[in-house]
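This report refers to the structure that appears directly beneath it.
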């Protein structure tokens with residue numbers, strides 16, 4: 001079949017906007033963390049940092065699709081949505097996707113560069129580590145996504161390094177405490193990758209991908225997954241209280257009121273290939289509602305602080 005040219009619509013689909021939550025939430029968390037600490041954060045700086053994080057996520061999505069396609073890991077038989085498998089269904093030249101991924105990365109760097117240059121070496125260091133992780137995640141002879149540490153790396157980089165980098169860009173220094181406060185985001189984002197990898201165990205075995213679920217086997221991987229979901233729920237109940245005191249009690253209340261259905265679905269999910277699309281939507285909903293309660297508490301705390309001086 002004749003290859004078609006990459007269009008703006010296809011470029012947008014390769015960026016996978018449905019997954020941007022994994023960048024937007026940690027970035028907003030980092031910015032709220034700064035505001036609650038009394039740091040000065042202008043609207044322009046906040047928007048630039050948020051945009052750079054979204055572009056980095058778009059880079060990950062595009063390069064991951066490219067490398068999976070050229071390595072033969074993606075096909076029409078893998079129970080993926082047409083909108084989420086551009087290279088499989090739309091017949092564009094893979095090299096165009098590679099160029100687009102590099103373009104997204106360059107745009108992210110250009111957007112964040114003025115802030116980084118004014119803040120000093122701390123955000124630059126975090127940015128270099130993050131960019132290296134993005135490139136190593138899917139590229140190279142042995143990519144991180146093919147190893148048992150893929151879930152951990154994706155969670156730490158997106159859920160932890162993004163807030164660390166935001167705080168470093170605003171303050172000019174590293175604050176390790178933000179990583180501890182961001183644990184619910186690290187766990188939730190890591191579980192997105194684990195959901196995907198458990199559903200793909202058989203496919204990953206065929207292409208010699210040695211992910212954690214492949215090593216564990218389906219039954220043990222599902223048990224580990226459900227234990228991780230319970231731990232995520234506990235983190236959402238405990239970490240906000242440790243971080244914010246009485247204000248933090250809002251989060252576990254909201255988790256029960258808003259997120260219990262999403263978490264109940266995750267705890268019942270069989271994580272099988274033919275139900276993959278529904279299960280991926282379920283873990284994204286868990287992140288949207290579960291981690292969203294944490295951000296909602298922080299937003300209320302910030303507004304309350306402004307109203308009371």
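Glycine residues also receive a Cβ, built from the backbone N, Cα and C atoms like all the rest.
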**Request:** Scan 249-267, 268-286 against TrEMBL and say which stretch is down as transmembrane segment.
**Result:** 249-267
**Message:** Using a Cβ cut-off under 8 Å, which residues of the same chain at least 6 positions beyond either end of the transmembrane segment (224-243) come close to it?
**Reply:** 180-181, 183-184, 187-188, 190-191, 194-195, 198, 212, 216, 249-252, 255, 259, 263, 266-267, 271, 286, 290-291, 293-294, 297
**Prompt:** Which stretch from 97-116, 152-170, 176-199 shares the most C-beta pairs under 8 Å with the transmembrane segment (122-140)?
**Reply:** 152-170
